[in-house]
Structures are given as C-alpha cells and as structure tokens.
C-alpha cells in the first residue's frame with residue numbers, strides 16, 4: 001500500500017512506512033514535467049540557459065520569463081511551476097535586500113542559498129501548506145569568491161555545482177555538460193555550449209516551439225547578472241543549429 005502512496009500522500013507532514021514523504025516527491029514530479037533549465041559555472045562567471053516552451057502562438061514574445069534577477073550580483077533560473085518560482089524569487093530578493101541593509105555589502109551566495117533552502121524546507125513540514133513545485137539555480141560572481149552556482153530542490157536541499165540541469169531533459173543535459181572542460185572555459189565559450197545543449201535536449205516531437213533564454217554573470221558583466229545581449233544570443237543559436245546539423249549529417253554518413 002505504501003509504495004503507491006495510498007493514505008500517506010494526503011499531507012506533507014506524514015511519512016509512509018518506508019520513510020518517504022510523497023508530497024515532496026510529487027513536487028519533484030512537477031519539476032520533471034517542466035521545460036529544461038541549465039546552469040554552468042566557468043572560470044570567469046556563470047551562464048544560465050532555459051528552454052521556455054511556447055504553448056500558444058498568441059503569447060507575447062518574451063512573456064513568462066524563467067530567468068530572474070535576485071540581486072545586482074545574483075541570477076536565478078527555474079524549472080517547475082512558474083508561480084511558485086516567482087514567489088521564491090521574491091523571497092530571495094527580500095533576503096538579499098535585508099542582508100545589504102543590515103551589513104552594508106552584497107549577500108554571499110552560499111548564505112543566500114542556505115536561507116532560501118531553509119524557507120523551502122519549512123514548507124515540507126506542515127500539513128497546512130504544500131511543498132513548492134519548483135527547483136531553481138542561483139548563480140553569482142565576485143572578485144573575492146569567484147563564480148558560484150547552487151541548486152535548490154523542492155525538499156529544501158541545497159548543493160553547489162560546476163554544472164547543473166533541472167527539468168524534463170535533465171539527464172540528457174547533464175550528460176552533455178559532463179563533456180565540457182568548464183574550468184578552462186570563459187562565459188563567451190559557455191554561452192554557445194549552453195545554447196547547443198538546450199537545442200540537443202529539446203524534444204521536437206512533443207514540444208514544437210520554444211524560446212531560448214540566456215543570462216550570465218561574471219567578469220564580462222563586471223559582476224552583474226544580465227540577460228545575454230541579442231547579438232551574442234543569436235550567434236550562440238546559430239552555432240547550436242549548425243552543430244546539430246553537422247551531427248545529423250555525420251550520423252547519416254555513418255549509416
């Protein structure tokens with residue numbers, strides 16, 4: 001009975017006999033059904049890429065963004081329920097703002113990730129609330145700490161990463177990320193690879209149209225989190241499409 005959650009999945013405060021909290025697992029399912037987001041840390045910054053699915057031709061271009069500014073030096077990429085993610089982005093902004101007001105300098109990313117992770121975890125403890133149905137990555141760059149990247153999942157666990165992927169194609173994306181020499185690459189190099197990975201893992205059969213969202217924070221932006229300029233994004237998309245075309249042609253030749 002416990003293996004399918006019968007009777008034990010009604011509340012986030014209830015454990016099943018085999019030690020599982022089904023509401024948290026269901027929240028993770030919401031993330032797994034979402035479009036893919038990846039973050040890669042390199043020697044001079046962090047680059048985020050998001051496959052934002054376009055569910056209707058009537059949507060205005062650029063709406064429902066999945067990349068957020070949390071602070072001047074911190075960016076956030078999300079997968080899962082967008083409304084939940086926006087709520088957590090506001091919480092993260094409040095934490096960053098309060099820290100600067102109290103201490104007079106930018107919040108360290110490790111501290112911010114831990115604070116928001118504790119907030120997310122609190123929503124897995126009580127029957128009156130439900131877990132957040134999203135995972136998100138936080139990235140920053142500073143002269144003292146260098147590039148940093150953290151991921152927080154619906155259970156409230158926070159991990160530091162060199163490369164991370166969340167969403168429906170996370171396994172395929174992680175496989176591609178592992179092929180990269182991230183510690184030797186710059187943000188300019190990584191932007192192209194991020195675009196390429198998003199195009200590789202995109203499922204053209206199930207999900208026809210998508211918008212590629214790219215942002216970065218690093219030396220190239222003087223430590224500020226910014227959306228990648230249009231010309232750089234278009235160059236990255238062109239590189240991604242050409243790489244895919246070359247791979248398809250080589251596969252055809254091998255056959």
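Positions of Cβ are set from backbone N, Cα and C atoms, glycine also.
Sequence annotations record features per position, and here Swiss-Prot assigns N-acetylserine to 2.
What Swiss-Prot lists as N6-acetyllysine is 57 (among others), and the listing cites similarity to another entry. Take the CB of residue 57 (N6-acetyllysine) and look out to 10 A: across all protein chains shown you find 6 other CB atoms.
The feature N6-acetyllysine is assigned by Swiss-Prot to 206 (among others). Secondary structure from DSSP puts residue 206 (N6-acetyllysine) in coil.
In this chain, no residue six or more apart from residue 230 (N6-acetyllysine) has a CB-CB distance below 8 Å. Here Swiss-Prot flags 230 (among others) as N6-acetyllysine, drawing on similarity to another entry.
Counting only same-chain residues at least 6 apart in sequence, those with a Cβ under 8 Å from the Cβ of residue 243 (phosphoserine) are 196, 199. Residues or ranges marked as phosphoserine in Swiss-Prot: 243 (among others).
Sequence annotations record features per position, and here Swiss-Prot assigns phosphoserine to 250 (among others) based on similarity to another entry.
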* List, in sequence order, the same-chain residues at least six positions removed whose CB sits under 8 Å from that of residue 206 (N6-acetyllysine)? -> none
